[in-house]
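Undergrad: Sharing a structure below in structure tokens format, with a few things to ask.
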Ligand SMILES: NC(=O)C1=CN([C@@H]2O[C@H](COP(=O)(O)OP(=O)(O)OC[C@H]3O[C@@H](n4cnc5c(N)ncnc54)[C@H](OP(=O)(O)O)[C@@H]3O)[C@@H](O)[C@H]2O)[C@@H](O)CC1
Ligand SMILES: [K+]
């Protein structure tokens, strides 16, 4: 599991650990890991030019001690102090190793573009969102030079992933002890670049934000045994598509056809059902199900379709057009799968507010609707009542394509039908969907059907 802890949790664990360690030991561990990561990025230290941006706190201490190591490995290191002072012992170590203080980026004799890397030690977990003007000016002058952020890109809100004003955009973020929320939740996560975790020995509590890894997905995926038959494996019912949008029915059924459930029932107009069975001959008609998927391409019949599904009292996935019919708890275990615009409409706020504060709004909706809320995005969030959140880190930008959500709803419904909880079904489904998109894309464009086709291959490998 990739766990993201809050600043308060990190501070408490650090205090526990420091009771048994000599002063400064954790910073030395952090700085050693940071120096290795930078050397790795640069392919070595000799002859490289490095600029450290140093703020006033321990984040600068990490950067300065790491930079001293780079000096000893043959790098030429400049340091620009942003603020009234900086970490004194770290600065002394760097200067003793041969680093140079500079007054401003403009005063450097060499061209700014000659720097191989900028090390952002402006602020870490003690920082407030936003950057001060001297930091913004320095970063603007350094545009184009690769940036390694120490712990977090300075200026982002560490505990929420929100950004408010200027912030560093890093190519690599080297963090310590554990991931922070900002490494997983957008928009801050998209400012981190690659994230490298350095173990410094913290003993941490359970995290409220986490990201499933392949091993956990494999452990959660249902697996039939010899005693199973199609009904015991779970039957998923699909109420999707309409005469206006028949394709949504096909894609939703394609997602449900990944093979995790034992059978698929389709309920819709005869014309749409005929088209579904032409492509998926194994799909049968109305009857008992263990979970419903309602909403993709449902057009204006969505509210009625949702009512019919809820009457069965089984878990439900509510997607697309049916989301507008949700105005409170549904009375059954539920997964709601909005994108930012749909969630904004459900909560009566602007889309931009949801995009800027995605974690807050996903949690708010999970509490208000007493359901698991899957908020789609580059890093999809899956929130459950109580505040726990799983972040999906699989997927590619090409996945933002029409019909991909229909495939996802069908897949999650089939996982629900096997007996997975809404929380596990949504987060596992989202992970597999993203992995299938990455596989299908192979770096190029995809359509929703490609994602559906790739699902079984991912499931085969992950088992
Ligand atoms: N905890 C751990 O386990 C370990 C932590 N370690 C490291 O320590 C880091 C945390 O260090 P920290 O606590 O000294 O805070 P840090 O972020 O450097 O500076 C905060 C200071 O900056 C200021 N300031 C605030 N906002 C600002 C802004 N937007 N722009 C500019 N300035 C701003 C503000 O001071 P003020 O200006 O208000 O006087 C505030 O006091 C952590 O991220 C990690 O790198 C590792 O070494 C080992 C293990
Ligand atoms: K930083």
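For all residues, glycine too, the Cβ spot is worked out from N, Cα and C.
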Undergrad: Since TrEMBL lists 376, 377, 378, 379, 380 for AMP, which candidate among 348, 405, 410, 413 does it give for that site as well?
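TA: Only hit among 348, 405, 410, 413 in TrEMBL's AMP site, alongside 376, 377, 378, 379, 380: 405.
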Undergrad: Can you pick which of 199, 388, 406 TrEMBL lists for the same (6S)-NADPHX site as 124, 125, 126, 127, 128, 129, 130, 151, 248, 297, 339?
TA: 406
Undergrad: Out of 13, 104, 154, which one does TrEMBL list together with 59, 120 for K(+)?
TA: 154
Undergrad: Around the AMP site (376, 377, 378, 379, 380, 405), what further same-chain residues have their C-beta within 8 angstroms of the site's C-beta centre?
TA: 339, 375, 381, 392, 395, 430
Undergrad: I want to check the contact list for residue 248 ((6S)-NADPHX binding site): same chain, sequence separation of six or more, C-beta distance under 8 angstroms. What comes out?
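TA: Result: 240, 241, 242, 296, 297, 298, 320, 403, 406.
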Undergrad: Quick one: which of these binding-site residues, 59, 154, 377, 405, have their CA within 10 A of residue 130 ((6S)-NADPHX binding site)?
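TA: Near residue 130 ((6S)-NADPHX binding site) by Cα: 154.
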Undergrad: Could you state the whole-number distance in Å separating the C-alpha atoms of residue 339 ((6S)-NADPHX binding site) and residue 377 (AMP binding site)?
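TA: Their Cα atoms are separated by 7 Å.
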Undergrad: Output: those binding-site residues from 59, 124, 130, 154, 379 whose CB lies less than 6 Å from an atom of ligand 2, in sequence order; none if no residue fits.
TA: 59, 124, 154
